[in-house]
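Okay, so here's the structure we're looking at.
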Amino acid sequence: MSRIFNFSAGPSMLPVSVLEKAASEMLDYNNSGMSVMEMSHRSKVYDKIIKDTERKLREVMGIPDNYKVLFLQGGATLQFSMIPMNLMTKNRKADYIVSGSFSGKAYKEAQKYGEAHLAATSKADNFSHIPTQEELNLSPDADYLHICENNTIFGTTYNYLPETNGVPIVSDMSSCILSKPVDVEKYGVIYAGAQKNMGPAGLTVVIIREDLVGEPLDKTPVMMRFDEMVANDSMYNTPPTYAIYILGLVLDWVESMGGLTGMEAHNTKKAALLYDYLDQSKLFKTNVVKENRSLMNVTFMTGNEELDAKFVKESAERGFSNLKGHRSVGGMRASIYNAMPMEGVEALVAFMKEFEEKNA
Ligand code: PMP
């Protein structure tokens, strides 16, 4: 068996111990005589799995009792529609900060359902920074403010949480959930596609403050109603059973790493190694301003497209996969989510130094 360092933006690496545990339980989960994949979602055995997963997520993230946890499908992208259909219902107005590609998509989708107002955007500087509080033009009567907390494509992240004067914050945490401690109480809704820090694709986690689960817009499909999903404990229909089980295993691993405080220390160390190297390199650079550098997605380039392509090709030959930047940005991107070990980043930096010596 040979595993490589996989820098994919998602789906991405999972901890080896999680994969091993899942493999050991593949044919017979806990003396049930079947795989979790084969199990009825209404069975007693599965009921314990989903409840345990929710309990562990509540413990790890410190989710207060007045928040509901939902295990849904449709990806984070479905939340771009589901959020306005369920929450843009009082004043039919919401603020959006567009700090990258996904928040742009969320903003565009919300325009179908009410008055989506652009509170700020960093498009003019090609999303190399996150709009600051001073740059925000917030509406006091907005039903919520939507932000994308970590921009997977551009490699930027918030270093503050907007002050909204009571307007609930809805945060897309797809690429940063479980990467560091979070004060859930400061949010109205947190949502994330699972396929980066939580498990395999197919599961979307939504954490929503109880009082925000209201009456959705007319004709909202039943599968897109938060009230129905809450009333049925995410089991109006068949939930993504196996992905939920893997999330449970990932949460055990996060706990074994010291919880979210431990994760943050681990992630800060990895990211610092890469950024410190980039800051002194004569060949590579990053365009992201220092105060908004993502711990999870590190974007960099040489400034020469041919050299970038050469780097991507040679790195792949050496066992570093998925370092090509997103097609909309070019250059390179190393996604170093929770499961990427320190050795992966050390090996990458060593390879970059070698490449720099040969090509500078
Ligand atoms: N938001 C962010 C921040 C993302 O990184 C992604 C996917 N890379 C999405 C939303 C879309 O997620 P999904 O593919 O689960 O719909």
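Count begins at 1; order follows the chain as displayed.
Each residue, glycine too, has its Cβ placed from N, Cα and C.
TrEMBL lists R42 with the feature L-glutamate binding site. Under DSSP, R42 (L-glutamate binding site) is assigned to coil, being neither helix nor strand in the three-state scheme. Every protein chain shown contributes to the tally, and the Cβ of R42 (L-glutamate binding site) ends up with 9 other Cβ atoms within 10 Å.
Over all protein chains present, the Cβ of T238 (pyridoxal 5'-phosphate binding site) has 10 other Cβ atoms lying within 10 Å. The pyridoxal 5'-phosphate binding site annotation in TrEMBL covers A76, T77, F102, T152, D172, Q195, N237, T238.
Annotation comment: TrEMBL describes 4-348 as domain 'Aminotransferase class V'.
DSSP gives K196 (N6-(pyridoxal phosphate)lysine) a coil state; it is part of no helix or strand. Residues or ranges marked as N6-(pyridoxal phosphate)lysine by TrEMBL: K196.
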Roughly how many angstrom lie between the C-alpha atoms of Q195 (pyridoxal 5'-phosphate binding site) and R42 (L-glutamate binding site)? 24
Annotated recorded positions T77, K196, N237, T238, filtered by Cβ under 6 Å to ligand 1: T77
Binding-site residues: F102, D172 - member with fewest neighbouring CB atoms within 10 Å: F102
If you count the other CB atoms within 10 A of the CB of Q195 (pyridoxal 5'-phosphate binding site), including all protein chains displayed, you should get 24
When each of the binding-site residues T152, N237 is scored by other CB atoms within 10 A, the minimum falls on N237
Rounded distance in angstrom between the Cα atoms of A76 (pyridoxal 5'-phosphate binding site) and R42 (L-glutamate binding site): 25
Using Cβ atoms only, which residues of the same chain lie under 8 Å from T77 (pyridoxal 5'-phosphate binding site) while being at least 6 residues apart in sequence? K105, G193
